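Peer 1: Before I ask anything, let me first share the structure, which is written out below as structure tokens.
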Amino acid sequence: MPKQTLDGNTAAAHVAYAMSEVATIYPITPSSPMAEIADEWAAHGRKNIFGKTLQVAEMQSEAGAAGAVHGSLAAGALTTTFTASQGLLLMIPNMYKIAGELLPCVFHVAARALSTHALSIFGDHADVMAARQTGFAMLSSASVQEVMDLALVAHLATLKARVPFVHFFDGFRTSHEVQKIDVIEYEDMAKLVDWDAIRAFRQRALNPEHPHQRGTAQNPDIYFQSREAANPYYLATPGIVAQVMEQVAGLTGRHYHLFDYAGAPDAERVIVSMGSSCEVIEETVNYLVEKGEKVGLIKVRLFRPFSAEHFLKVLPASVKRIAVLDRTKEPGSLGEPLYEDVQTVLAEHGKNILVVGGRYGLGSKEFNPSMVKAVFDNLAATTPKNKFTVGITDDVTHTSLEIKEHIDTSPKGTFRCKFFGLGSDGTVGANKNSIKIIGDHTDMYAQGYFVYDSKKSGGVTISHLRFGKQPIQSAYLIDQADLIACHNPSYVGRYNLLEGIKPGGIFLLNSTWSAEEMDSRLPADMKRTIATKKLKFYNIDAVKIAQEIGLGSRINVIMQTAFFKIANVIPVDEAIKYIKDSIVKTYGKKGDKILNMNFAAVDRALEALEEIKYPASWADAVDEAAATVTEEPEFIQKVLRPINALKGDELPVSTFTPDGVFPVGTTKYEKRGIAVNIPQWQPENCIQCNQCSLVCPHAAIRPYLAKPADLAGAPETFVTKDAIGKEAAGLKFRIQVSPLDCTGCGNCADVCPAKVKALTMVPLEEVTAVEEANYNFAEQLPEVKVNFNPATVKGSQFRQPLLEFSGACAGCGETPYVKLVTQLFGDRMIIANATGCSSIWGGSAPACPYTVNRQGHGPAWASSLFEDNAEFGYGMALAVAKRQDELATAISKALEAPVSAAFKAACEGWLAGKDDADRSREYGDRIKALLPGEISQASGEVKDLLLDIDRQKDYLTKKSIWIIGGDGWAYDIGYGGLDHVLASGANVNVLVLDTEVYSNTGGQSSKATQTGAVARFAAGGKFTKKKDLGLMAMSYGYVYVASVAMGASHSQLMKALIEAEKYDGPSLIIAYAPCINHGINMTYSQREAKKAVEAGYWPLYRYNPQLAQEGKNPFILDYKTPTASFRDFLMGEIRYTSLKKQFPEKAEQLFAKAEADAKARLEQYKKLAEG
């Protein structure tokens, strides 16, 4: 049986592909890779056990995927799907149907937390526990090897039992963990298949040659009996699963049972658990048993149907106390599901055993051997705590167990490494390659696990790698490391990088610093650790190499090469060969240029790696005096700072609000300093157009106006020039960047229209101190009121952006649109945001990029789910309209009351203009100013009325409702709701950030994806044309619709936004957003949008129903006949060139079709414009 190094998702996909004929799919983290892998294999013609290629169909949602599974099963095809979290919840209605009809299938679930008070993409069992009542059998895998083996068990057992299965494993901890495992080959799987059961399944299919009816409506006289008729199948299922497990054991030599026991044969204290925790608990149990403790573990494999007989069979007779661990929370219940099952079994069978239950690991919270020890210690207590939590500090309801002892249970001889990377720098990908190289080319076992934060890029990634001669069960993070690598120098001093490094260990740093500079650059505590632990210290300037070669910020291959050179895991010459082989495999479809650059990176890394010889005096390095910290809000000190220092696990429950509310305007405190280069203003070249500010994805560069008198005390480097324009006469102008908030994308410099660029990119290190002082001075300047037209680029950019310093990718094409909307309407905006990229860069705790102006006003932002965002926003609009109507009623009554003439005039003005933003604000401000005096003079009912108006005064200014999301939401999963909301006529504004892929889940195709584009779920290129969402919305006749592209036309974008917001009805703005998933250089993302329009790839138009009411043509075509080559545009993006490289004939056909579709679309729009 061959060994391969792969992750849990790949293991599941390997089996599902073999055993299925059809897969209906939809992306959701962390299950998406299963579907992506299946789609890619199908695109390349891989055969399953039936000798056929799996038919893969992407659906519009998980509900659609489950419905298609149901239909495919009903028609006689063995069908599977892959999902997690909210996706599984959307499948539940169909799961009841599939189970009720006894249709055999397997849903593979990378178990993940559900959205409650907050979204979490990380792992626990909340989703699968929500599906436990559907009638699906539920089989749990604890490791990557188990995923391979038990996936096969599930597929084999469902055929025999006719009961459908959920095969689940922990999201990220198992789905993304890389392990060296035995791979079951397809011909061996086929030998175990019950072919008679497959034939019987097909004979039961819907077939007009042998028709039958299913899915009837039943009355009270027979429904109950029919429901009970399936009992024998569920009673037989545990025995069938046990039988199949024995069959698989005969093939693999690995024995599984419905419940497996590990530990002392005479154990008195036992933990019952399932999922990856079992690996941690078993490792700990082995450690404790060696020390003489009578402890054990029962691993739950088959959770549904729960077999009391099989559970009791493995329970040692000596057991006195049991702790049941659940990785889910059921508020209001007497206990979590597994706990209640165990209690029931023991009570029904008269077992006098004390049982306590506890929760652990919610949202991928760390669960390690020290915590396992705490659970066993609790069981040993005189009165064990019940309904406990472990892994957190609960200082509110005091459920948590104390961790009294920290233990190291991992096998001796295991080499442990930690790598600190920057999101999008390639560190995680390189480490996955390293694991595979070591796993596939040595006799060592290998494990890799990767920790991310939620920033789209630029966040911290920590890779945990283990290698050793013994199997690795350590499904927890490394706290004692042999090697630690820091791939970004900005982490030095920010994080305790060397915490837990072993004496004599290795420290690898990527920095521009020379050996001589290290003494001044490294903090004292780091120098002390290096010297006292006698570390081997290496440095390499990977950024310099990457930039010289042309790889930009991608330092992955360079750092991987450096690792192999110093780690001595395998001979360096062999490692270099394997690295270059992996480069071909990873980047081959991206072209020879990319390949050669990466080959050069390997060679340069070998030459550039330098060992740093440090003085013994570092052992006595003295800490510098702490810098004076400016006064900060309590939230920043107690929540944001600890979380950003990677100390969030230490925060107690009392730190957090129970409803998930977080303050706004907190990203400005992060100061991540992740850019390599930042823009520096050259005032003599600047024409003061403000385009740089407009396109900045992170609002890091802004124009400032100041009165000369206010510049007293400015830093010497704070150079200004006379402001241009009569509106700014007598004022000074400056463009200023926030150096530590800039991500260094370079779009500002690229779009600068000056003959000689007014912005030049310079190394952050060289200018940080100067530009930080300049920025701090600029921010404290008094606000200058100017009358620049806010409907222009220049005027809009003098308004404060109320979206700043988000976690979006450098060069992001989405954020500039939303930032601009906040500059135009932000102080009265309410935003409903669909789950997706924009909810992650816009709403990842603890730092909120939405902020407030100097009056304390700013966007109120909320996110519900992926599929319901339009309805969520519509509900907001209904509520706001209701509140404003109540206010209008009260103000109307005030007109009849004995109030002052001035107050009455203000009320009359407001009632006449309440639906106009400017007028409602003007008269609303008058009412607010007059209210205190009116209230003080009033009495009785009039005073009560005025107090009621005062309570509702927040609704005096007209609110602007915005529904924001990506194309995956608008074109696919949320389209039904979006269509309904647009059809309703409600006064809402919809902004679709169209990246033409599901950007948030990794770049899967949507109905916005263009013909011929290669995306995940469209590995062979997309065959169908892009859905024309705008044209569909125009068909109503009363929806404002615009298609815009910031990089192509600023003026058209400004017109569209202002017209849409002003329009009294639904508006839809579809915005082209270049994305890293397109395979472009994000320094030129704005330029890429311009090219898209010039080539006829993306249309610019506005459809304004208001014009039709004036007797004019409502459709305005804002782009001309293409002036550039459509094909050249496609060849500038890897999402298209990769198809040409892999499938040249197919590419030619699809590219021709895409171009023809674009031309046909333009002709259609021209006809609309002609009326």
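For all residues, glycine too, the Cβ spot is worked out from N, Cα and C.
Reproduced below are the annotations present in Swiss-Prot:
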- Thr29, Arg112, Asn1000: pyruvate binding site (BINDING)
- Ser424, Asp425, Gly426, Thr427, Val428, Lys456, Asn556, Asn598: CoA binding site (BINDING)
- Cys686, Cys689, Cys692, Cys752: [4Fe-4S] cluster 1 binding site (BINDING)
- Cys696, Cys742, Cys745, Cys748: [4Fe-4S] cluster 2 binding site (BINDING)
- Cys809, Cys812, Cys837, Cys1075: [4Fe-4S] cluster 3 binding site (BINDING)
- Glu814, Cys837, Asp967, Gly968, Trp969, Thr995, Glu996, Val997, Tyr998, Ser999, Asn1000: thiamine diphosphate binding site (BINDING)
- Asp967, Thr995, Val997: Mg(2+) binding site (BINDING)
- 677-706: domain '4Fe-4S ferredoxin-type 1' (DOMAIN)
- 733-764: domain '4Fe-4S ferredoxin-type 2' (DOMAIN)
Peer 1: Apart from its near flanks, which chain residues at least 6 from the ends of the domain '4Fe-4S ferredoxin-type 1' (677-706) lie with a Cβ under 8 angstroms of it?
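Peer 2: Same-chain contacts beyond the ends: 719-721, 723-725, 728, 731-739, 741-749, 751-764, 767, 771, 778, 781-782, 784, 786, 793-794, 796-798, 801, 803-806, 808-816, 819-820, 1046-1047, 1050, 1086.
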Peer 1: What does DSSP assign Tyr998 (thiamine diphosphate binding site), in three states?
Peer 2: strand
Peer 1: Provide, as an integer number of angstrom, the distance between the C-alpha atoms of Arg112 (pyruvate binding site) and Cys837 ([4Fe-4S] cluster 3 binding site).
Peer 2: 18
Peer 1: Write down the Cα-Cα distance for Val997 (Mg(2+) binding site) and Val428 (CoA binding site), rounded and given in Å.
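Peer 2: Between the alpha carbons of Val428 (CoA binding site) and Val997 (Mg(2+) binding site) there are 22 Å.
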Peer 1: Please give me the binding-site residues out of Ser424, Gly426, Lys456, Asn556, Asp967, Val997 that lie within 10 Å of Cys748 ([4Fe-4S] cluster 2 binding site), comparing Cα atoms only.
Peer 2: none
Peer 1: For each of the binding-site residues (Arg112, Lys456), count the other CB atoms lying within 10 A of its CB, then report the residue with the highest count.
Peer 2: Arg112
Peer 1: Just to be sure I understand: of Ser424, Cys696, Cys809, Cys812, Cys837, Trp969, which binding-site residues have a C-alpha no more than 10 angstroms from the C-alpha of Asn1000 (pyruvate binding site)?
Peer 2: Cys837
Peer 1: Using DSSP, break the domain '4Fe-4S ferredoxin-type 2' (733-764) down into helix, strand and coil residues and give each count.
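Peer 2: Tallying H, G and I as helix, E and B as strand, the rest coil: 6 helix, 10 strand, 16 coil.
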Peer 1: Who sits close to Tyr998 (thiamine diphosphate binding site): which same-chain residues at least 6 apart have their Cβ under 8 Å from its Cβ?
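Peer 2: Listed in sequence order, they are Pro27, Gly836, Gly966, Asp967, Gly968, Gln1004, Ser1005, Ser1006, Arg1016.
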Peer 1: Would you kindly give the Cα-Cα distance separating Cys689 ([4Fe-4S] cluster 1 binding site) and Gly426 (CoA binding site), rounded to the nearest Å?
Peer 2: 36
Peer 1: For the [4Fe-4S] cluster 1 site given as Cys686, Cys689, Cys692, Cys752, which other residues of the same chain have their Cβ within 8 Å of the site's Cβ centre?
Peer 2: Ile687, Gln688, Asn690, Gln691, Ile735, Cys748, Val751, Pro753, Ala754, Ala758, Leu759
Peer 1: I need the CA-to-CA distance for Cys837 ([4Fe-4S] cluster 3 binding site) versus Lys456 (CoA binding site), whole Å please.
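Peer 2: Cα-Cα distance, Cys837 ([4Fe-4S] cluster 3 binding site) to Lys456 (CoA binding site): 7 Å.
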